[in-house]
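J.: One structure, as structure tokens, below. Some questions next.
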Amino acid sequence: MNLPCDDPLQYCRFCFTQFRVEPLLSGGQKDQQLVKQISSLVQIELDSNQATTAAICSMCRHQLTEFQLFRDRCKHHDSIVRDKVEGDQSSQNDMWFAVEPLGDGDDSDEDDTPISKDDLRSVPVSEKQTKVNFWRAISRDVGVIPEHIQRDLELTGFYRNASLGMISPTTIKQIEQDMREAVEFVISQGANRAEVLRQYYGTVYCKNPSKFKFLAGEVQTILSITAAVQENGITEYLNKASLSQKVSSRKEQLNASETPDNADTLAEILVEKIQDYYKQYTTDSREFKAFIARLPRQKEIDVRQKEDGSIFAFIHCSYCKKHLQAFVDSRWNVWRVYNFVKHTQKHYRVENIRTAKRKRAQGGGEDVIDESDNIHS
């Protein structure tokens, strides 16, 4: 096989094409990185003279990127498997604390308070709000992200996982193909056909989605997102999404509710319920008396009513300044305060109700807690 031509800068060193070629070394800071990448991935060693007189086509450059991402992805997944086998908590497991937080209603309106990983487990984050917070966190690093790019990445499986940091130009082509094939599915997602097509295909291709492709600037936006996730890690953005919800949750709920006419009465009943619960564990210790003195009073409880008529309240914790949620069980018309009880265990631990029952029953006498007590229900 002969060389395509005599000038090595007019054809690709790796596939011999003469289409869209450029010098291997362009005088930029990433020149040596590219040479090392070629050596590492395809085992072709180029000295400085050879590299200076060589060219590479855009497709081969993209293939190198794909190879690199593939290797990184394999190593990433392998490390997760190894960590799991060894019983360690892998970074992937950490991610899920933010993706699927467990809701106990714990909420705080103190924006500057550091929030631990354990706190993240207790944040009730809606799926819609998580998406908003997630893309907002990334846009702070890469700039404005058009709505249809967000929705396309969500629909094609690149949302909230490490693969968002592994997108290459070739991957973008596949996303475009997937979106062209998903037109009927997209239309089924909304009653307003024109609007839903605009949301997924942008203003340019919303009337002709079967020919959809990202514009040049949109391709760069997606690659910028990938670069940001590679640099900062997907977990950082997942955590930021949950933290944003933690800061705004109470404010949003207050704005979406109103104070009922009997708020003072409901707050008084709630205070009594909390007081009665802890009276079951009365001791003569100085610590317990101090704890009882710091339980919330009526003025530290904000009772609210949602549009559907349901009643809930924010209870102020005097130890850490957080607000815990309680709600009225409409079936039994009683306050449920498990969130508050669970939270205060961090500040003063009392025996749980089952342990107290067992100990008192074993000790004889009549001082046994009634089975109808539903404080934890």
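Using N, Cα and C of the backbone, Cβ positions are placed for all residues, glycine too.
Heads up, TrEMBL stuff is auto-annotated, nobody curated it.
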J.: TrEMBL lists region 'Disordered' for one of the ranges 98-118, 245-265; which is that range?
T.: 98-118
J.: Which of C15, C57, C60 has the fewest nearby Cβ atoms, counting only those within 10 Å, among these binding-site residues?
T.: C15
J.: Enumerate same-chain residues with a sequence separation of six or more from C12 (Zn(2+) binding site) and a Cβ-Cβ distance below 8 A; give 'none' if the list is empty.
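T.: Listed in sequence order, they are Q18, V21, A55, I56, C57, C60.
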J.: Take the mean position of the Cβ atoms of C12, C15, C57, C60, the recorded Zn(2+) site. Which other residues of that chain put their Cβ within 8 Å of it?
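T.: Those within range, site residues removed, are R13, F14, F16, T17, V21, I56, S58, M59, R61.
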